[in-house]
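See below for the structure under consideration.
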Amino acid sequence: RLMLNFSERITMTMKEKTTFVFIARFMVAAPIFGYLGDRFNRKIILSCGIFFWSAVTLSSSFITKEYYWLFVLSRGLVGIGESSYSSISPTIIGDLFTNNSRTMMLSVFYLAIPLGSGLGYILGSSAKEAAGDWHWALRVSPVLGMTAGTLILFFVPEPKRGHADQLGGRIKHRTSWLCDMKALAKNRSYVFSSLASAAVSFATGAFGMWIPLYLFRAQVVQKTAEACTKDICSSKDSLIFGAITCVTGLLGVVIGAATTRLCRQKTERADPLVCAVSMLGSAIFVCLIFVVAKKSIIGAYVCIFIGETLLFLNWAITADILMYVVIPTRRATAVAFQGFTSHLLGDAGSPYLIGLISDALQKSYTRSVLWQFLSLGYALMLCPFVIVLGGMFFLATALFFLDDRDKAEKQTASNTPDVQYQSNVWTHLLI
């Protein structure tokens, strides 16, 4: 996960205009890999997706500007590759561990998101400045993907579905995709936690695109930096933001796992409640970013640090909630559609929505440096409101969590899903 997110963040940092194509292809492919991941050998699917991703990334580095459309297409193919491991990897962990052990292992897995993304920001910006051409980053990152795919293919076990729940080898029936989707739609904890995850994605997508520029404009207003008129500008703010993302992601995931384990001793609803409190706390510090940035860049970085730490607190916990409330034979589908929802309602549109709002606000004052700074800040103020909404969704999850968890446990123990079985012939083929 670390190497793959590292590679992804490099490529997305280099050409932000292709982000939407990447996410769109990801959203299309994720449900397909979710379906396959619940029915076929997950390790092979995972490795093939990673090798495909790496090969496309390397090939795209040689595309010239005359074939920009081909580069955009390649970014979409990278999204297809990423959707393979994003949909399937958590389900393998879910079948290897349970309870607090699973929480810890999911935390280790999700540590790689901020670590890989943060390092990708740093290396991407450094490679772009050192070579004067962002293509060189794309020629380095495939090595990471190929290494990860090889390690998975030869060293990662393929557990039986339900192995950690002591059902390995006893699951003889699987439901149809349509029945799985109906069951997930009726699972209130799953639906609300997926909407909350979309709120996190909305904020992180907007921050990744606009916070470095916002802080640079703040320095221009403070007269500690000059406005950039070159094609390739100083990446100091991107480097700092990448480092903060890396560190806060690590802290957030670790603190989230430890806090949840402690809170489980007090309440069985600890998982969604910890997520809700962290989201609401994050919204406060995100708001403070736009209050202090005009006067103090250091103060803004402090608020970013605390706000992101609280925001990243819920990554692994959200995945653990899913493992509790969804039966083993439809977890890959559940993970895939949670990712689909997160991107669709989150970072697929948030950077562009923030940009549109900022552009609309500064139309009348395009020559004012101060108003360029303020308009972007006003647009970014949408993020804390979305984060608060995400916290409310986690509170709603807490209301239904115990009922949905008990229902999933009973279905898993009896090995009788709440919907009709598929035909024995089709089941035999898929097993």
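Cβ atoms are placed via backbone N, Cα and C, with glycine included.
All annotation found in TrEMBL is predicted automatically rather than curated by experts.
Among the features that TrEMBL reports, domain 'Major facilitator superfamily (MFS) profile' is placed at 1-407. For 20-37, 44-63, 105-124, 136-156, 190-211, 239-260, 272-292, 298-327, 378-402, the entry in TrEMBL reads transmembrane segment.
Across 136-156, 239-260, 298-327, 378-402, stretch 378-402 shows the highest tally of CB pairs under 8 A with the transmembrane segment (190-211). Per-residue confidence over the domain 'Major facilitator superfamily (MFS) profile' (1-407) averages out at a pLDDT of 81. With Cβ pairs under 8 Å as the measure, the transmembrane segment (136-156) is packed most heavily against 44-63, out of 44-63, 239-260, 272-292. Counting Cβ pairs under 8 Å to the transmembrane segment (378-402), the top-ranked stretch among 44-63, 239-260, 272-292 is 272-292.
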